[in-house]
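Engineer: I'd like to ask some things about the structure below.
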Amino acid sequence: MDVTNPDWAPTLHMGHDDISVSDSDRHARRMQRKRKRAPIAGLMIDEGLTKEQQQNHHVMEAVDSSCVGQVEVDVPAANVDSGDGSESVTEGQGQMKDCVCSEQGRAEINRLLEENRLLRAQLQKTELNETFLKDDTEKVRYYTGLHCYAVLMSLFSTVKDFLPISKKLTGFQMLLLTLMRLRLDLPVQHLCHLFDVSHKTLSSVFADTIDVLYARVGALVHWPERHCLQATMPPQFTEAFGKRVSIIVDCFEIRTERPSNLKARAQTYSHYKGTHTIKYLIGITPHGAISFISRGWGGRASDKHITERCGILQKLLPGDVVLADRGFDIRDAVGMMCAEVKIPAFTKGYCQLDARDVEQTRAIAHLRIHVERVIGSLRNKFKMLHTTMPIRLLLSCEGEDTTLLDKIVKVCCVFVNMCPSVVVKPGPNDTCSC
C-alpha cells in the first residue's frame, strides 16, 4: 500500500477505533439472556428482596412453593461479556421483584375473595328472603304462623303474579312482611328497619298485599256441601246428633280506638268488654275448619242481630243442625229455613233441669267448645287481632264496602284453615311432607 501516492485515500479506521453496537445486536443479546433466565423466572433471590418484601414474608409463604426458596443463579461467563454483567444482574433482580409482587398480589386477591364469600354467606343467612326460612320449620311457624315451608311457598306461588311491583322489596318479602305483622304484631317502625323501607312504603305494601290475599285465597273460607260434611263428620258429633250438624257458631270481638263521631262511638261500645270493639260472627264445621266469617259489626250489636243479618241463615239447608251458645236466641229465624238450632238449656223459671236437658246440654257444651278453641287459635296465632285497631282500618276501602280490618280477619281465617285442625288430631298418615 503506497501511502505516499497522491491518489491514495484512507478507507479503514478513519479515526474511529470504537465501533458502536447496533440496536438489533443489543436486542438479540437481551432476548438471549431472557431465554436463559426463563427456567428460574419463578424463583426469588435473597439479594433481590426489599425490606417490605421481607416484612410480608408470611404472605409469600402462602403462595406456590415454586416462588419460594433460595436459588443461586450461575450465568456462564462465556456467554456474557464483562460489559453487560452488571446490566444482566440488575435486570434479573428486577424480574424477581416483579414475580414476588405478582405472587403477593395474587395471594391478597385470593384472601379478599374468600373473605367476600364468607361475608356473602353470612349476609344471606340474615337477609329476609326465601333462604332465610328454607329448611327450618320452626322458623316458618314463628314468623308466619303457617305449618311448614312447603305451605308458605305454595301460598307465594298463588299470589306472586298479582303482588305490586316495588323497587325495594321482592314479592316474597312483601308476603313475609305481611305475615310477620299479622303473626307477631311487630311495630311498624321496627318492620321499617328490618326491611329498610319507609313508613309510607310499608303501610302501602301491607294494604296491597292484604288486598291480593283477600282476592286470591279468600275462597278457602267456604261453606262445604252437605255430602262433604257427612263424609268428614267426627264420631262424637255422630253419636250426639247423627250427621245433621252443619255449623257451630260464636262471636268474638276486636278492640278499636275510640271513634270521634258520637254515633260511631255508641255503635262500637261493647257492654260485655267495657270498651269499643268490632264484633265478628264465626262458624266452623264439625271437623274444625272455618266455613263462615261475617263482616265487622259494632260491639253494641247482639249475637241475634248479627246472625239474622250477616247472611249465614241463607246457607242452611232443611234438616241442618246449628250449635250455638245461649246468646243466640235464633230459633225462629233458623226455623224459617227448616233447620234447627241447639243451645244449652235455661234454668230460668225452674229449680233445676230435668235429666234429658242435662244430658243434651252436656253434649252441646262439649261439642260447642270447639268453636272457642278455633277462635283462640286464630287470635293466638295472629297476635295482631289482640291489639287495639286504629280507626283507619275501620274505613271502607276505595270503591268497596269492605273495610281493611274485615279483609285482615278473613285472611287470618284462611291461614288457620291452611294449618292442621285443632278439633281433629291428624292421623299417622296425615303428617306434612315437608
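Every residue, even glycine, has its Cβ placed from backbone N, Cα and C.
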Engineer: According to TrEMBL, coiled coil applies to one of these ranges: 46-73, 102-129, 270-297. Which one is it?
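Structural biologist: It is 102-129 that TrEMBL describes as coiled coil.
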Engineer: Quick check on the domain 'Transposase Helix-turn-helix' (167-217): DSSP residue counts for helix, strand, coil, in that order please.
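Structural biologist: Output for the domain 'Transposase Helix-turn-helix' (167-217) reads 41 helix, 0 strand, 10 coil.
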Engineer: Residue counts in helix (H, G, I), strand (E, B) and coil for the compositional bias 'Basic residues' (27-36), per DSSP?
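Structural biologist: With helix first, then strand, then coil, the compositional bias 'Basic residues' (27-36) has 10 helix, 0 strand, 0 coil.
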Engineer: Take every residue in the domain 'DDE Tnp4' (249-417), average their pLDDT values, and give the whole-number result.
Structural biologist: 92
